[in-house]
Each structure stands twice: as C-alpha cells, then as structure tokens.
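Here's what TrEMBL has on this protein:
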| type | residues | note |
| --- | --- | --- |
| TRANSMEM | 26-47 | transmembrane segment |
| TRANSMEM | 53-72 | transmembrane segment |
| TRANSMEM | 93-117 | transmembrane segment |
| TRANSMEM | 129-146 | transmembrane segment |
| TRANSMEM | 158-176 | transmembrane segment |
| TRANSMEM | 229-250 | transmembrane segment |
| TRANSMEM | 271-295 | transmembrane segment |
| TRANSMEM | 311-333 | transmembrane segment |
| TRANSMEM | 354-374 | transmembrane segment |
| TRANSMEM | 386-405 | transmembrane segment |
| TRANSMEM | 506-528 | transmembrane segment |
| TRANSMEM | 540-561 | transmembrane segment |
Amino acid sequence: MEQAAGCPAVGGSYPQKNAEILSSQYGINLFLAGLLLTFAWAVHAVGISKSHLLSYLITLMLIQLLWMLWYLCRSCTQRRLIRDKDTHAGARWLKCGITLFAVITLILDSFKIGYYIDFSNCLSPTEGIFPVTHAVHTILQVYFLWCHAKDVIQSFKTLERFGVIHSVFTNLLLWTNGVLTESKHQLNEHKERLITLGFGNITIVLDDHAPQCNCTTTTLCSIFSQGIYYLYPFNIEYHILASTMLYVLWKNIGRKVEHHQQNKTPFKFHGITVGMIFGLIVLTSTIAIVVVYLIQIGGSKIKSELALTMFYLHAIFVLALMCTAGIVALLIYRLEDRSLDNSKNPARKLDAELLVGTAAGSWLLSWGSILAIICAQGHPKYTWYNLPYSVLVIIEKYIQNLFIIESIHREQEKVNDDIKTLRIVTISRGTTLSLTPLYKEIYNGRGARDSGDIPCLFKGTICGRENDGAGVAKEETSQDNSLVMRSASDFSFCSRNSVTNNKRRILKNIAAFLFLCNLSLWIPPAFGCRPEYDNGLEEIVFGFEPWIIVVNLAMPFSIFYRMHSAASLFEVNCKT
C-alpha cells in the first residue's frame, strides 16, 4: 500500500521535470536567436538593421507584459489563498537596489524618446516605440518583483515556467543590447585615444551608427546623446539584477519549502564606523581618479601616460588593502567553530555561482595583460604598473570569493547578539519557574507583563518574582523563591561574549569596507575608465581586433562582478 501510494508522487515529478527542461530549452533558443540578431547588427550584416533587432526586443517585452498582467490578475483573484514563500529570495535591500536602477533606466528611456524626436526625420519608428515599451516594461516588472519575487508557485506550473524563463532571457537580451551599445561607444573613444599614445600603426576605423540627418535642436541633441551613455551602466545593472531575481523565481516553481521562520537581519551602522570611514575614503579618491583620468586621457601622450600611471598606483593600493582585509576575515573564520548551512537554497546557490562565473571575466583580462607584458618587446614605463595590478586583481577576487561564499553559508547564531549563552534555573518551592520572556527582554530587565512568572536580570543579579495579580507582599514572595543553581559556564559568559562581539565587529567592519571598495571599483569601468583599452600594449601583442573582442566579451562580466559582490557583502554585513 505504501508503494502504491508513493507511485503517483514519483510519477508526478516527471511531467514537472520535463516542463523544466522544455522551458529552459525554449529560453536558450530565444536568447540565441536574439544574440545572433544583435551580432549581425553590430557587424553591419547585409539586410539586418537596428529596426529588426528592436522589433524582436519589443515583441519579447510585449509577451512578458502579457504574462505578468495575467499573473498579477490571477494573484488578485486568489489573494485569500496562503502561498508558500521563499524567505531567502527577493531581499528588501535587493528590491530597493533594483528600484534605484529602474528609476535611472526610466530617465534613460526619456532621453531616448527625446533623441528620437530630434532625429525623427531619419530614424525608424521602432526607435521611438522601443523606449516607450521599455519604460512600461520596467515599471510593471519592478512592481511584479516587489510583490512576487518570493513566491513559490504551485499552480499552473508548466505555464508559469515558460512565462518566467521568457522573462529571464528577455532581460538578458536587453542587457546584451545595452552592453553592446555602450561598448561600441567606448570603443570609438578608445580608438581616438590610441593616436595620442603613439600607436599610429593601428588602423583606426570608427564604427559609426549615428543618424544620417541633422538634429532639429542641436543643444538638446548633444545633451541626449552624451547623457544616454552615462546612464547605460545603471540600465545594464538593472537588467542583470532583474534576470537573476526572475531566475530564482523560476527555480522555486513547484519547490517544497521548509516552513521555518527566518531571522530578520536589518542593516545597522552601529559598530562599523572604521570600515565605513576607510571605505568612503577609497570611494572618494576613486571618483577623483576617474574624473582626472577622463580629463587627461587622450589630451597628449604625456598626460595619457600620467593618467594611466595614476590609475594603476591607486588600484594597486586599494586591491592590496582589500586582499589584507579578506585574509584577516578568513583567519577569524578559521578560529571560529561554526557549522555551515547546507540546506537547499536557490538564491544562495546562484549568488555563489555568479561570483565565480563573473570573476572569470576579469581573470581573463588580467592573464592577457600579464602575457602581453612578458611577451612584448618594448615596454613603456607605465605598462610595468600593469603587472602588479593584474596579479592583485586575480588574488583579490580569489580571496574575496572565499570570504563571501563562506559567509553566506555560515549558520546564523540562534541567540541574540547581546546574549550568546545564558542559562538560568530558578526554583520556587521545588517547582522550576517558566522562562517565558525573550532573551533580549530578560537582558534589558523587562519581562512580559502579562506573564505570571517573570525572571529578570538586573545589574548582574538574578531574582525570581511572582505576580499574584493583587500586588501583595513582593518581598515575602522573593524570600520564598530562591536561586538554586547557575550553570558553570555562566561565570565565563562576559569574557566569551566580549571576544565573540569583537570578532563580529571586525568582520562587520571588513564587510562594510569591502562593500564600499567594490562600489569604488565598479565606477571606473562602468563610466569609461578602462586601461585595458587605453594602455595599448595588449593590442600590439595580440592584435587590435582580437584583443578588443576579448575586452568587449569579458568587461561586462567584470563590471557585473563588482556590483554583485557589493550586494553580497551588504548581505554578509547584515548577517554577521
């Protein structure tokens, strides 16, 4: 009878597994078709124009909009039903982050609409329809993620799998389109800078997709065209964050969730002053370096070389500090004896895979630079700083990945921060009193006022008080009730708790420092400060076109790594 009862459950898993495989294959083919179309437009393939690519993306967004509207309507009609939730998915700080990027993306769409209006005489109608559709898509998607990122879908599972995976790869294609557009703009600027560095033997051919007509309002056109490229980094981060949140939603479809309450981990500034101060110093100096770099690079050969030297020295110093901080954190973990949480968690698994996977992008660039320095026949002075910089990039990400992955897998302490180990045994006339108040309430000298038995901790003494509801002779009651024993480990409570708090304080400061450092290192490549383009040595060794292809493929992953690391370190700081 048990086998017969179990057979339907086992057999029922096969259709869902098939639906998962079919939906993933549908998404991959959707992405590959769009990727090929994007590549064809980038290389000016015959018969392929930008309007074809935008039409494809508009169609995908409209399909996703229809699915999200259907899901939202169905959720409203079934609002009374109790749904399973994945408490680890869609954290509030992650939603706030994606909302910020979405707001800037909406500004980008408004710039594109303005740009289309000014060049409407020679631009395809799709270039005006695309930003409007994208704005509506952004607003609805952010609302959807705020309301349903934690959902564990248990109905219409096959249909929902296709809808969610369609949304995942739609966002990935929009991310790819943004990366390519921004990279082409950066490449054009890079080709112009190479001339000032003396690399005149490299063929300079600008890849121009500018409209073939005059702008109706020259000033506005200049503002829109320049502003668009400064906003693209935020648009790129928005779409990659949305795709990761939707992927977790897809993995949670049909999943059986263990019903246990997750400890809330709010962010607190208390105790991380040192890490924040040093991190803010790094952030401020990085912004200054980027501003100077963008002003100096391309001005003259001397100015360009000084800009590159300044960038490398600053980056070497920051990376060395980050390596030191990561090593200290790992040493503290080695001194602690705490088990790891190996429970099934799609969000945590995806975080770890993204950290290692996206780090490979900058590792590829670093090894390319190291090989170029070794093999090059001539070495301008500034290129030697590239060697320690590239080595430190590899080491720093290796250490940081270890720290973050171990941090997100460590089990949280089950007892409040202020009291790690506290055992109180009180006996009243042979009967043990109930410890009904929370530990934190006990520590603060407050008990549940509606409780009959209220133990309290006040100025290092422990007493048992009994409220009889009539306010009669509390002193007599306290004399009748006596303390019988206190655990031997409580005598060393203060010292152990002090050591633990010191370790946690150090770890929180390290996480805060690394968080701001990763934000700092995200800024230079995101806003055009890319020495991999500008130092010119790699182009001589590998050839201009091959190296540019490598940089254009690896750089987006390197940029995303920094933002994803910052998000992960924020979570580590909250959990520590």
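Each residue's number is its place along the chain shown, starting with 1.
Cβ coordinates are placed from backbone N, Cα and C, and glycine is handled just like the others.
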The transmembrane segment (386-405) vs the transmembrane segment (271-295): 3 or more CB pairs under 8 Å: no
Stretch contact, the transmembrane segment (311-333) with the transmembrane segment (506-528), Cβ-Cβ under 8 Å, 3+ pairs: yes
Contact between the transmembrane segment (540-561) and the transmembrane segment (229-250) (3 or more Cβ pairs under 8 Å, separation 6+): yes
Segment proximity, the transmembrane segment (271-295) to the transmembrane segment (506-528), 3 or more C-beta pairs under 8 Å: yes
The transmembrane segment (26-47) and the transmembrane segment (354-374) contact flag, 3+ Cβ pairs under 8 angstroms: no
Long-range environment of the transmembrane segment (271-295) - Cβ separation under 8 angstroms, sequence gap at least 6: 307, 310-311, 314, 318, 321, 505, 508-517, 519-521, 523-524, 527-529, 573
Distant-in-sequence neighbours of the transmembrane segment (354-374), which means Cβ under 8 A and at least six residues beyond its ends: 244, 383-384, 386-387, 389-391, 393-394, 397, 401, 404-405, 532, 537-538, 540-542, 547, 550-551, 553-558, 560-561, 564-565, 568
Intrachain residues whose Cβ lies under 8 Å of the transmembrane segment (93-117), provided they are six or more past its termini: 123, 127-128, 130-132, 134-135, 138-139, 141-142, 145-146, 149, 216, 220-221, 224-225, 227-228, 231-232, 234-235, 237-238, 241-242, 245, 267, 567, 570-571, 574
